[in-house]
């Protein structure tokens with residue numbers, strides 16, 4: 001057993017870039033029967049971030065599960081990022097996480113202390129979220145993987161969906177894009193330690209703070225931007241809402257260096273899976289470069305919240321969230337349904 005093996009050397013795809021592509025996933029899930037239960041408010045038949053089940057007239061439980069291979073070599077940081085990513089689904093649905101269970105796959109070639117560090121990173125993020133870890137499950141596996149099964153609670157009227165955007169709303173993104181590209185560059189040892197720290201800081205930041213900034217505001221629709229990229233998750237929102245979302249390319253926050261690496265072809269495999277599914281679902285202006293398109297489809301790991309809300313409410317949200325992040329901004333608007341669900345200008 002070794003402490004010197006790089007975690008990312010044991011993976012082909014890392015973070016949310018390891019997700020099965022949206023096209024394949026949709027074809028599988030659409031063929032499965034749907035469960036009928038009057039208390040199941042949100043199930044897998046929609047593209048929402050978690051399921052929602054009614055406990056009583058005052059309480060719903062939000063359930064989600066998320067795990068993936070490492071995108072960084074430091075085990076503690078990997079644990080933090082994986083936990084932040086799993087917790088995010090509850091925030092995106094308007095709830096607060098309460099209890100979590102560890103899911104860990106661990107290879108015999110690694111020293112057991114590395115597992116302990118991964119779990120410690122997850123524990124600290126769950127504690128920051130105000131939730132508890134109550135157990136978990138382990139599997140021996142040549143490829144390390146970690147994540148959480150999370151349960152959260154909310155009042156029925158607090159639940160947010162990704163399918164209720166209104167014409168005239170503006171779209172806000174709370175974290176910068178380019179995470180998948182930068183992780184791919186890091187695996188190829190093309191970026192320095194300071195840039196790695198910047199990217200991991202973005203990934204490990206809880207969406208708890210963005211969610212808290214929505215309290216009392218009229219949020220029409222919400223999701224988080226993860227493995228299907230900005231265009232993929234915007235498409236889910238536009239399609240579910242029966243609207244078109246126009247994205248302002250010049251307003252999108254992008255990690256410094258991501259466009260350069262995309263131009264060099266340093267992009268994760270998951271981007272091609274996303275493009276294969278999304279290629280006929282968006283239109284781009286003549287001024288949109290190929291590398292920018294790549295960034296917009298880049299699989300994000302523990303990305304930001306994507307919010308649809310009235311412009312006046314958006315200004316209040318941005319004034320609140322500037323205390324937590326410099327990245328949040330208006331990146332688009334919701335239009336009546338047009339020829340394409342997504343338009344990039």
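The backbone N, Cα and C atoms fix where each Cβ goes, and this holds for glycine too.
Taken verbatim from Swiss-Prot:
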| type | residues | note |
| --- | --- | --- |
| ACT_SITE | 16 | active site |
| BINDING | 19, 46, 47, 48, 66, 89, 136, 137, 138 | ATP binding site |
| SITE | 19 | site 'Important for catalytic activity' |
| BINDING | 49, 89, 224 | Mg(2+) binding site |
Across every protein chain in view, the count of C-beta atoms other than its own within 10 A of the C-beta of residue 19 (ATP binding site) is 20
Here the Cα-Cα span from residue 19 (ATP binding site) to residue 224 (Mg(2+) binding site), rounded to a whole number of angstrom, reaches 15
Taking all protein chains shown into account, the Cβ-based neighbour count within 10 Å for residue 138 (ATP binding site) is 12
By a three-class reduction of DSSP, residue 19 (ATP binding site) is assigned coil
Simplified DSSP label at residue 136 (ATP binding site) comes out strand
The correct three-state DSSP answer for residue 89 (Mg(2+) binding site) is helix
Counting every protein chain shown, other Cβ atoms within 10 Å of the Cβ of residue 66 (ATP binding site) number 23
Spacing of the two Cα atoms, residue 89 (Mg(2+) binding site) and residue 138 (ATP binding site), in whole angstrom, works out to 22
